[in-house]
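Taken from Swiss-Prot, the feature transmembrane segment applies to 19-39, 64-84, 98-118, 150-170, 185-205, 226-246, 271-291, 303-323, 333-353, 369-389, 412-432, 460-480, supported by sequence analysis. Here Swiss-Prot flags HIS65, HIS374 as Fe(II)-heme a binding site, drawing on a curator's inference. Marked as Cu cation binding site by Swiss-Prot on the basis of a curator's inference: HIS235, TYR239, HIS284, HIS285. As annotated by Swiss-Prot, heme a3 binding site applies to HIS372, with the evidence given as a curator's inference.
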Amino acid sequence: MSLIERIKNVVWPKDTLSVVWLYTIGSIFWLGVLGIAAMNLRTFLTYDQNSPNVGELYYSALTIHGWAAMIAFVPMAAAAVIGFSLYKSKLSIIHTKQMAIFFWLSNVLLGIAMAGSPDMGWYMYPPLAIESNSQFHAFLFYTTPQLMGMAYLVMSIAVILQTAAFVTLIADAYATKPKGERLNIFAAYGVAFSIVIAVTLPALAAATLWYTLYFFANVPVNNLLWAILFWFYGHPVVYYVPFPLFGALYYYIPQYAGRSLYSEKWARWNIYLLAIGTMGVWVHHLQTWPLPIVLREWVNLSTLILATGSGLTVLNLGLTIFTSRKYDWKDPVGMGALISLIGFILAGAQALVLPENSINPLFHNSYYVVGHFHLMIWTLIIMGYTTVFLDMLRTSFAGFNFSATSSKWMRIGMIWWTAPFMGVGYAMSVAGYLGFLRRMIAYPVIFQPYNLVESFLAEIGIPGLLLTLFVGMFDALAYASKQPVFSSPSVSSFSMQVDKGELVKKIDSEKGVNNVG
């Protein structure tokens, strides 16, 4: 198969693994967009004497960063991880053409929406998100009601197409599942949270469609109802990637620990706890809104229930590692899974105080919150997704395994990425605890050192991720260049770690037996 044919097979996929690669490449593109936007907005934050004139550029970079992350990267990455979980469970994506159509159309439409340079924050609260006057423009380039309505309309359609992609994944998973067999733990989490995504993502489509009707049909927007509708999507979306990655950790960590999962029953029951919990705690994003006491108490209880599910995941995986004889951290996939788990513990611990009504005022709308969820992104999501990506590389080429040298450099890259970004996250959290508010371009000079440290550490850490990804890809492509075609393995890369000399002896002995016969 020529290089052009291979590219065509990803651009317009005809098999499960090609669909996975298509969505993976899409997610990496949006990761680049959100990363560039982040470094641009951080450039402004390193200066403590910003003119009000730079506010528009700062908030536009902030909004594009958020939209590219939450509305583009997250659904793409979730679909890639879930699709790969099906592949690893010997299930198939049947409707490859439809998945390609959903991918290309949704990305083009999201690009059109972002081309207007949105300037209102990723959660686009009313009334700012629907204003365009001498005081404020929700979009820097789309300043007329028609253009603003068009932007929200194409976003609605894009989100509907994304929802259709997850519905397709669910349908294809059950259509190809052998009767009487249950899904392995990776696919079980993938399918379960495809359902969560398919249920909650339409809330974003409805919210943006409401804005469209405001511009084209003069339908009034109720601020509180709109916010409630948005957060029914807005809270679960932060788990669209982490929860399928939980399935990946349940799948990989036992392999590299050399034993079965400590309790698969816990892992499977935990799906219900996490799935239901994530759709019931959205109100904790509305702590400063005039909510009744009963609802506030529900926020506390439901969030603790959700935290229990996360804690059970940590306990299950931790016991799997600690009761094993030896964990194979020298394999980059094993190393990535371990870093993801440790990062999730450290990032998750910070979140326990946030939903508590009596404590939240100390942290609400501060950089403490930013530090918490970015730690989760930089460790569990980025490192967890990198772990899956590396296994995708090995799975895509029959017989391929990373060399000892490339494995070493990928481990170095993972630590190189993780250590500085842990520092960034904790610097953000300390600044937030001291009173640094999020989304503010003008700030007291006392916080400038924190912003300088955060930007400096981020610049140090980024090459680590690039090193990990490029070394892995170079090693895989160097191997593939010696192969006539891309092919799917019949045996997992983990089980192929066999001494070559012993393998040759076995083959020779079998030939001898055949000759005697």
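Keep in mind that glycine also has a Cβ here, set from the backbone N, Cα and C atoms.
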- Message: Using a threshold of three or more Cβ pairs below 8 Å, and leaving out pairs closer than 6 in sequence, do the transmembrane segment (412-432) and the transmembrane segment (333-353) count as in contact?
- Response: yes
- Listed stretch, out of 185-205, 303-323, 369-389, 412-432, 460-480, that has the most CB pairs under 8 angstroms to the transmembrane segment (150-170): 185-205
- Item | Three-state secondary structure, which DSSP defines for HIS374 (Fe(II)-heme a binding site) | helix
- Item | Candidate nearest HIS285 (Cu cation binding site) in space, where candidates are the binding-site residues HIS65, HIS372, HIS374 and distance is Cα-Cα | HIS372
- Item | Nearest-integer angstrom distance between the alpha carbons (Cα) of HIS235 (Cu cation binding site) and HIS65 (Fe(II)-heme a binding site) | 17
- Message: I'd like to know which of these binding-site residues, HIS65, HIS285, is least surrounded, judged by other CB atoms within 10 A.
- Response: HIS285
- Message: Under 8 Å for C-beta pairs, could you tell me which stretch among 64-84, 226-246, 303-323, 369-389, 412-432 has the largest tally with the transmembrane segment (98-118)?
- Response: 64-84
- Task: Looking only at C-alpha atoms, tell me how far HIS374 (Fe(II)-heme a binding site) is from TYR239 (Cu cation binding site), rounded to the nearest Å.
- Result: 13
